[in-house]
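Notes to accompany the following structure.
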Amino acid sequence: MDAQTQQFPPAFQGAASKGHKEIVELLLDNGAEIDAHDQRCSTALQCAVATCNKRLVELLLDKGADIDIQGGILPKPVNIASANGNWRILKLFLTRYVDAQAQGDILARALVVAALHGQRRIVQLLVLNGANLNQQVESSGAVLFSAGERLTTALQAAAAGGHKSVVKLLVKSGADVGAPHHRSVTPLQAAATRGHRGIVRLLLDNGAGIDEHTQHSPTAIQRAVVNGDREMTDLLLRRGADASLQGARLAPPLYIAVAMGHKSIVRLLLSHDSYNKTPSERYGTALMVMLSLRHRPKDQVHSHDGSVIGDHDSRLLQALMLEDRRYDDEESKFTD
């Protein structure tokens, strides 16, 4: 029954993915494991949700399928239904959990995923059904780029996804426009990282802090400069961003722009009123930076651990990493 080759999934999951309700029921009656899965194969419930098969989802739930198991490449069932905008299946999950805490967790996770995928109708229905707009969700699977910064609230997810109508709905419904988790980002930082200028304006108009940052999360303008996004940098400067601030492990914006070769952004920062021409304690003037980089021997630059790195990589490291290790001691005070 569970024989499997590299080409075919187990019979049970195969029947579920094809929507064969009677065969699924027959296999269950003959001993099939309802939550069977591995690294390659998803559960039958995941398959049923992915194909939007409400009748099969009902059957599997009646037989005791676990909605919190994730197998194969598919996300958890709640996440699949939220991303697909399938309210009927989400309602099934909610009605099966009478415990208020469990219902709240499902609502919050579904809200983050729906917001990330721009499912405005689902977001609206979840809000109307009591979803906590500001609940931190660690298991949504939503991240910001390859850096792995987690998107733990619905507003962060909507801002990162560029879904302006969802952002408007969440803000109007009372979502917090700031206050990141220490390992997460603010909605403004998420929007700035992805280059969504319209959402950045919307968030700033609704009270978002333009210079918010933590030991692990750079400012919005630092993110824009790293991306070489001149338009975003200009917008943030015009809205009052502090061009001398240093957030997380990133250097101040001018230093980043110089070292990464973003010439138009260097000009923009130098011409802006907020640029402080007094050498900072840690980085010096832009001229000093350029000279120090210019005179480093090519292909013979050493990193902190003593290994030799290329000239281009050395510029990025010098721009993006602090020169001392004081954050290493501070970082040890925090845990995920």
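Using the three backbone atoms N, Cα and C, a Cβ is placed for every residue, glycine included.
Copied over from TrEMBL, here are the features:
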- 15-39: repeat 'ANK' (REPEAT)
- 40-72: repeat 'ANK' (REPEAT)
- 150-182: repeat 'ANK' (REPEAT)
- 183-215: repeat 'ANK' (REPEAT)
- 216-248: repeat 'ANK' (REPEAT)
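Across the repeat 'ANK' (216-248), DSSP classifies residues as 16 helix, 0 strand, 17 coil.
A mean pLDDT of 94 is what the model gives for the repeat 'ANK' (15-39). Each residue in the repeat 'ANK' (183-215) gets a DSSP state, and the totals come to 17 helix, 1 strand, 15 coil. Summarised by DSSP class, the composition of the repeat 'ANK' (150-182) is 17 helix, 1 strand, 15 coil. Under 8 Å from some Cβ of the repeat 'ANK' (183-215) lie the Cβ atoms of residues 136, 144-145, 149-153, 155-162, 164, 167-168, 171, 177, 221-224, 227, 229, 231-232, 235-236, 239-242, 245, 247-248, 327, 330-331, 334, 336, all in the same chain and six or more residues away from its ends.
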